[in-house]
Amino acid sequence: MLYLLPLSVSCRVPGSPPAPRSRRFLDPGGGRGVGDGLGGIRVFRRRALRGTDVRSNTSSSSSRKGRHDDARHDGGYGDDGDAGALLASVRRLLLSGSAQDDAAEGEAEEDEQGQFPKRWAIVFLCFSAFLLCNMDRVNMSIAILPMSAEFGWNPQTVGLIQSSFFWGYLLTQIAGGIWADTVGGKTVLGFGVIWWSIATALTPFAAKLGLPFLLVTRAFMGVGEGVAMPAMNNILSKWVPVSERSRSLALVYSGMYLGSVTGLAFSPLLIHNFGWPSVFYSFGSLGVFWFSTWASKAYSSPLEDPGISAEEKKLITSQTTGGEPVKEIPWGLILSKPPVWALIVSHFCHNWGTFILLTWMPTYYNQVLKFNLTESGLFCVLPWLTMAVSANFGGWIADTLVSRGLSVTTVRKIMQSIGFLGPAFFLTQLSHIDSPAMAVLCMACSQGTDAFSQSGLYSNHQDIGPRYAGVLLGLSNTAGVLAGVFGTAATGYILQHGSWDDVFKVSVVLYLVGTLVWNLFSTGVYAQKAR
């Protein structure tokens, strides 16, 4: 986890002119580009690692320049003792302290050498929210088996129950984005978690009252989870600098993958020992504990947080918008931009293949690879674990490339191309493989490379329109959810009239279309030289 330490390396050649100022892609008011102020931020980071008082402004400009030049010539750290200082800094971050409130000056200051960065506390809270999100979503896939036996549901009824979640989930994607961008992400994400947690806990009561009550409860749960991703995107667009964006988003989304693993692992144990209602009661109650922490510790932006240090606030606001919630959504501007449509189309192409693999994988293992149901369930966990690991690995690679001077646009295109072409390649190999072990490995590699998308299209909403990141995520994820719904249904039709090879061919074609659209029309930022 050492890569969570926000390091950056200056790559500008000494004596070269500074990078031109830029403006945000979807910011009608202009503003500073993501590259502005990075040099000063790197100095702050290096001075913090040396143990220097980064708040002091008493040193002369020449001495600061000397230290900065030394740092660039020796790899970014300045002197022979810096390795020890770096290790000491990591140790102090792990032994994080608490913010000290200075009432006399009206703001709280932290010991920079002792407290874990507040922005990463926000990232971890978002990670835990998404962990709960998928735990509460996948528990029904396990509990539906004893519930069907108890209530006498046929397969058609089971399918109706499973799909009812998406009724509410689809409705609140764009609405959640608008709400988050206008009132702030803290309120919206907090509402979403407490709403879906209550709906989860009420599921056993609804099931006993009758099928209509259960369908409404599951749809209500979808309403809560539907606002989560847009709200999270809004929050991180204000809290996380661009040099840490890929890592932070990869960590948050890996919470979803690990939530699926956790839900699939613990649901059978709870059902076996305490009955199927215990899954919903226990998982739903966790959201209440999360909400109590979120309500007292989280803020929509660093500008609202009285406990953040001046140094960390300066670091964040120099690379993010960090402004007040927007009052009006410029729909005409947003929908007129080709990179926005590249996001929407690419999200659709990406989720078509992803949802098919994750939804139909147990059936493929059982029918094609001849695994029994227990083995199929165990092997279904492997792709989730692979995605959790590779998403964070991809985030580290992406942020490292950005910090070393590669443009955000290039990095996003590289990472998303891996996220498209990797699964396309491994799916084409399945028709040539006879070994079940190799087939499982191919599926795992397919999903592992798919997770690089977290540093591609899933990070791009904040790149091109940070003030409207929630709305952009809502737009593209609506297309993604529709791809999941249509793709899952289409797969059943294809299997009835064709074969698994035909299913994979459709996914591969869409992956290739997504690759083409993404590389032609996507961008990281819209840079324009100041005149």
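Cβ from N, Cα, C; glycine included.
Keep in mind the model is a prediction, meaning the values are calculated, not measured.
TrEMBL has this to say about the protein:
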{"type": "COMPBIAS", "residues": "28-39", "note": "compositional bias 'Gly residues'"}
{"type": "COMPBIAS", "residues": "67-76", "note": "compositional bias 'Basic and acidic residues'"}
{"type": "DOMAIN", "residues": "122-526", "note": "domain 'Major facilitator superfamily (MFS) profile'"}
{"type": "REGION", "residues": "14-39", "note": "region 'Disordered'"}
{"type": "REGION", "residues": "52-78", "note": "region 'Disordered'"}
{"type": "TRANSMEM", "residues": "160-180", "note": "transmembrane segment"}
{"type": "TRANSMEM", "residues": "187-207", "note": "transmembrane segment"}
{"type": "TRANSMEM", "residues": "213-236", "note": "transmembrane segment"}
{"type": "TRANSMEM", "residues": "248-270", "note": "transmembrane segment"}
{"type": "TRANSMEM", "residues": "340-361", "note": "transmembrane segment"}
{"type": "TRANSMEM", "residues": "470-496", "note": "transmembrane segment"}
{"type": "TRANSMEM", "residues": "508-527", "note": "transmembrane segment"}
For the transmembrane segment (470-496) and the transmembrane segment (248-270), check the count of CB pairs under 8 Å (sequence separation 6 or more) and say whether it reaches 3 or more. no
For the transmembrane segment (508-527), which stretch among 160-180, 248-270, 340-361 has the most Cβ pairs under 8 A? 340-361
State, in range form, which of 160-180, 248-270, 340-361 has the highest count of Cβ pairs under 8 Å to the transmembrane segment (213-236). 160-180
